[in-house]
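**Q** Just lifted these from Swiss-Prot, have a look:
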type    : residues                                               : note
BINDING : Gly11, Pro12, Val13, Gly14, Ser15, Gly16, Lys17, Thr18 : GTP binding site
Amino acid sequence: MSSKLRLGVAGPVGSGKTALVEAMCRRLRDQLQLAVVTNDIYTQEDAEFLTRVGALEPERIRGVETGGCPHTAIREDCSINRAAVEDLERNFPDLDVVLVESGGDNLAASFSPELVDLCIYVIDVAAGDKIPRKGGPGITRSDLLVINKIDLAVHVGADLEVMKRDTTRMRGERPWCFTNLRSGDGLESVLHFLLQQLPNRP
């Protein structure tokens, strides 16, 4: 039996993907059956971190070592990730959501539709307010765009109004939100998005 939803979380290195996965797990684990697959190039660091902080029970977390280009393992040849997801779904037949966190990649990264149903793409303010207008599949076609670390805008000279304008122009009607995952600001918007995607919402 497959889970109700396979949700990809992608974005550049350091944007806050693992922080978002951790926050979603902590907030939803008491009302949904969750599992996580993480991707790292040569380690299982993100999986080990999520286990160490107790985001979920260890047996619900799988770490995939992709080697080479991280986008290949979520797009061109996603077999290693698909196997990890299917293993979790066999072990936990009542799963509601499997979160698949990609390795850190560039703005061109995207998930294979064979691997996930929907994708959240995470960027961060520290990379500069020009990022939304640079485009790329993550910016323009992800199901939800998360612009994280808004608390750093004043320190890096990023203009949130410019980011808002450019994001709206690039995405049209597709949803997006600002977050500061360290404080929890904006997390409710992400959780609302996820819950709205479930066939039978709790």
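Each Cβ is built from the backbone N, Cα and C atoms, and glycine gets one as well.
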**Q** What's the number of neighbouring CB atoms sitting within 10 A of the CB on Gly14 (GTP binding site)?
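**A** Taking every protein chain into account, the count is 15.
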**Q** Which residues does Gly11 (GTP binding site) neighbour through Cβ under 8 Å, counting only same-chain ones at least six apart?
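**A** In sequence order, Lys17, Ser102, Gly104, Asp105, Ala109, Tyr121, Val122, Ile123, Asp124, Gly138, Val146 meet the Cβ cut-off.
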